[in-house]
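Asker: The structure is given below, and queries will be raised subsequently.
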Amino acid sequence: MSRTSLTRFLIEEEQNKRINADLRQLVAVVARACTSIAIAVSKGALGGVLGDAGTGNVQGEAQKKLDVISNEILLEANAWGGHLAACASEEMDHSQPVPSEYPQGDFLLLFDPLDGSSNIDVNVSVGTIFSVLRAPAGVKQPGDEHFLQPGVQQVAAGYCIYGPSTMLVLTVGHGTHAFTLDRETGAFILTQRNMQVPADTKEFAINMSNQRHWEAPMQGYVADLLAGKEGSRGKDFNMRWIASMVADVHRILTRGGIFIYPWDKKDPGKAGKLRLMYEANPMALLVEQAGGAATNGRERILDLQPTQLHQRVPVFLGSKNEVAQATRYHTDHDAN
Ligand code: AHM
Ligand code: MG
């Protein structure tokens with residue numbers, strides 16, 4: 001059986017006029033950077049890469065050594081390609097335009113270089129999340145404000161999961177496709193074309209320890225899930241929480257479910273924990289392209305107009321009918 005590599009897949013997408021040569025190269029460079037991150041992650045304690053870097057990022061979170069290494073790998077890989085105008089990252093206060101002496105491209109790349117930081121030191125799956133936007137026409141040396149485009153304008157999005165196998169899950173706006181890294185050849189091989197999230201589910205993913213901080217409609221929704229067969233939902237639900245968004249979303253893309261990180265009162269000034277531009281938006285596009293849905297509890301995530309590069313947002317994503325149910329609890333509550 002002939003295998004379709006990521007390279008071949010991207011060339012076919014270009015031939016079908018779904019992407020241009022620059023976007024093809026950009027995705028290929030990101031994928032290559034992810035294979036380098038996979039190598040660094042897999043070395044674990046032997047690579048001297050575990051533990052804190054002793055620094056903090058713009059959100060005041062402690063950075064792990066691997067957060068910093070992954071950020072550098074992605075920046076370095078993309079600086080020279082000629083397809084990018086600027087990069088933004090969870091680990092950098094502001095976006096970085098490609099220096100004017102380098103070749104300039106049309107695209108803006110956003111990434112969370114290593115998501116699920118709390119899992120790095122305990123050998124649990126982590127991942128890289130990325131989103132690609134177009135630089136506004138005529139803008140040289142784009143700044144943070146040029147990244148503030150709603151998620152519907154993403155031209156590509158994806159993640160790479162560093163788990164028992166390394167997988168790249170990608171959309172360029174025509175379905176969501178999964179590639180598995182062949183460690184012997186270093187190539188990503190297409191292993192699932194057109195992933196489909198089942199519309200219904202009996203599995204939810206949430207950090208239950210925050211329950212007392214949730215708002216009323218969240219309390220009501222989860223109480224009904226927990227009531228199982230005897231409750232209004234009439235079925236028993238199972239729960240999973242890996243605390244790596246990439247791993248939780250990967251499970252949902254594979255077998256369905258709903259992932260929730262709601263707003264809570266712990267820190268009322270924060271709109272949620274997860275970041276809109278490089279966590280929620282790319283995951284929302286991947287899930288929608290696989291037939292699922294993504295909201296902030298009230299509105300479609302991909303329609304939100306961002307106001308800040310590192311803006312946070314509540315996230316409800318996964319099986320379409322379940323996301324609709326959870327969203328209805330919130331909108332019904334607001335209407336009364
Ligand atoms: P990070 O970007 O600092 O790694 O935080 C994001 C992660 C997600 O991967 C995950 O869904 C969530 O934080 C887990 O949060 P919690 O530890 O509150 O359960
Ligand atoms: Mg993150």
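Using the three backbone atoms N, Cα and C, a Cβ is placed for every residue, glycine included.
Caution: TrEMBL annotation is automatic and unverified by curators.
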Asker: Out of E230, E279, E288, which does TrEMBL tie to the same Mg(2+) 2 site as D112, D115?
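Answerer: Answer per TrEMBL: E279.
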Asker: Return the residue out of E90, E91, E101 that TrEMBL annotates for the same Mg(2+) 1 site as D112, L114.
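Answerer: For Mg(2+) 1, TrEMBL names D112, L114; of E90, E91, E101, the listed one is E90.
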Asker: Pick the one from K17, K43, K273 that TrEMBL also lists for the substrate site with D115, G116, S117, S118, N207.
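Answerer: Among K17, K43, K273, only K273 appears alongside D115, G116, S117, S118, N207 as substrate-binding in TrEMBL.
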Asker: If you average the pLDDT over the domain 'Fructose-1-6-bisphosphatase class 1 C-terminal' (197-330), what number do you get?
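Answerer: So the average pLDDT across the domain 'Fructose-1-6-bisphosphatase class 1 C-terminal' (197-330) works out to 97.
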Asker: Cβ within 8 Å of the Mg(2+) 2 site's Cβ centroid: which residues qualify beyond D112, D115, E279?
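Answerer: Not counting the recorded site residues, we get E90, F111, G116, G127, T128, I129, M245, V246, L274, R275, Y278.
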Asker: In terms of Cα spacing, which of the binding-site residues E90, D112, L114, S117, S118 are within 10 angstroms of E279 (Mg(2+) 2 binding site)?
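Answerer: E90, D112, listed in sequence order.
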Asker: Across the listed substrate-binding residues, D115, G116, S117, S118, N207, K273, what is the farthest Cα to Cα distance, given in whole Å?
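Answerer: Largest Cα to Cα distance for the substrate-binding set is 16 Å.
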